[in-house]
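Among the features that TrEMBL reports, domain 'Amine oxidase' is placed at 59-471. According to TrEMBL, the FAD binding site annotation covers Glu79, Ala80, Val275, Glu450.
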Amino acid sequence: MDEKRNNGLSRRSFIGGAAVVTAGAAGLGLIGSANATENGTSKRATGFDYDVIVVGGGFAGATAARECGHQGYKTLLLEARSRLGGRTFTSHFAGQEIEFGGAWVHWLQPHVWSEMQRYGLGVVEDPLTNLDKTLVMYNDGSVEDLPPEVFGTNIQVAFEKMCHDAWEAFPRPHEPMFTERARKLDKMSVLDRINQLELTRAQRAELNSYMALYGGETTDKYGLPGVLKLFACGGWNYNAFMDTETHYRIEGGTIGLINAMLADSGAEVRLNMPVISVEQLNGGVRVETDDGETITAGTIIMTVPLNTYRHINFTPALSEGKQRFIQEGQLSKGAKLYVHVKENLGRVFAFADEQQPLNWVQTHDYGDELGTILSITIARAETIDVNDRDAVTREIRKLFPGVEVLGIAAYDWTADPFSLGAWAAYGVGQLSRLTDLQQPEGRILFAGAETSNGWHANIDGAVESGLRAGREAKEILG
């Protein structure tokens, strides 16, 4: 990461003040600590402080903690930030509930949908049907106003061409390397595939934008099989897949589900507790936090983002396969931005080609009194300072000339020392080595969206991985 972008953002100084989030947004995500022994769980790993330590308070960590709590294990969850949610982050801006991170859910995503049903949580819909205006911005900065039906057909045609062999490669998408075809495709980038396709200028720009977003990087670095697998998880159907990605959010925000799961877990939750070392002992583990506290447990579940592992010392060292992943990192370098403009723009959607900063722009809410709140996903945070209102205004006016920007709210996930990147995405050659990330190492278990088999770029993948880790903890502790 560019040192200048992270100036002054040490792991410790980050705690207590999210410098990567624009001040206009009010954050949520706190839960009172719960004492495990008072919630029906008891310690089984004799000689240790806890049965299980879960590191990370996102969806993988919350799921793992809940699973361990339901097994009767005394469980401690340590979260480095001053909030829960991990790479999801419910907040408020201009009177609206917003999500700075993972947001969309769907009944085709079985793990998160089951959790929503378990806790009685509904959905809210984003205004993405019956669009009033659709735009494409090209790499040269020119903007084309396309009729919504043409815009929609463009991306569908291009995306279906790109994913033409998804069924062949991923007939069992939750078993990623089930076929030889999938293994061979792991040598290809998304750009390699796009270069094989016959596309119009607009089709290519829309597809480039979409794929840069999924990778959180330029398409030459994004591995092709990752997106084919996600398409297969969506039923190998374009309309169904798009519905999973852009339509439904959790009523009450992602933090509502996180809080429900942890309240049900019986786990003790401690915030502002970055872990700096993990040491395997005889029959257990010892962790050290950055304030010098040491805690022991029968097993530990690591759910932190892959890019943060470089700041944690493991004794003994992790396997060569994991160390290779840690050195490479996961790909995505994205950011999230909300912009409130005075004008009522209606239901708008825009793609901007991969060299442009505002790659995905959609209406979050609109009205004559409200104006318009635009939700914007940025593939590479390095392309714009999302906290610079003047820079954001200049880019917004390229799409919507003359609009008056009333406020912005943003989160740069690459500048967050406890993420160092955004949604999970695999580079060329990484997906075929997924088991290296998943494999337990002694008493250390691994979860997080990067380690999931299915919807790795979504909340569902994080939940899936937490379920697996909870099962593995039971195998160790009995």
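Every residue, even glycine, has its Cβ placed from backbone N, Cα and C.
Feature annotations (TrEMBL) mapped to structure.
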| residue | record | DSSP (3 states) |
| --- | --- | --- |
| Glu79 | FAD binding site | coil |
| Val275 | FAD binding site | strand |
| Glu450 | FAD binding site | helix |
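Counting every protein chain shown, 27 other Cβ atoms lie within 10 Å of the Cβ of Ala80 (FAD binding site). Its Cβ taken as reference, Glu450 (FAD binding site) is surrounded by 29 other Cβ atoms within 10 Å in the chains shown.
Taken as a whole, the domain 'Amine oxidase' (59-471) shows an average pLDDT of 97 in this prediction. Of all the binding-site residues listed here (Glu79, Val275), it is Val275 whose C-beta has the fewest other C-beta atoms within 10 angstroms.
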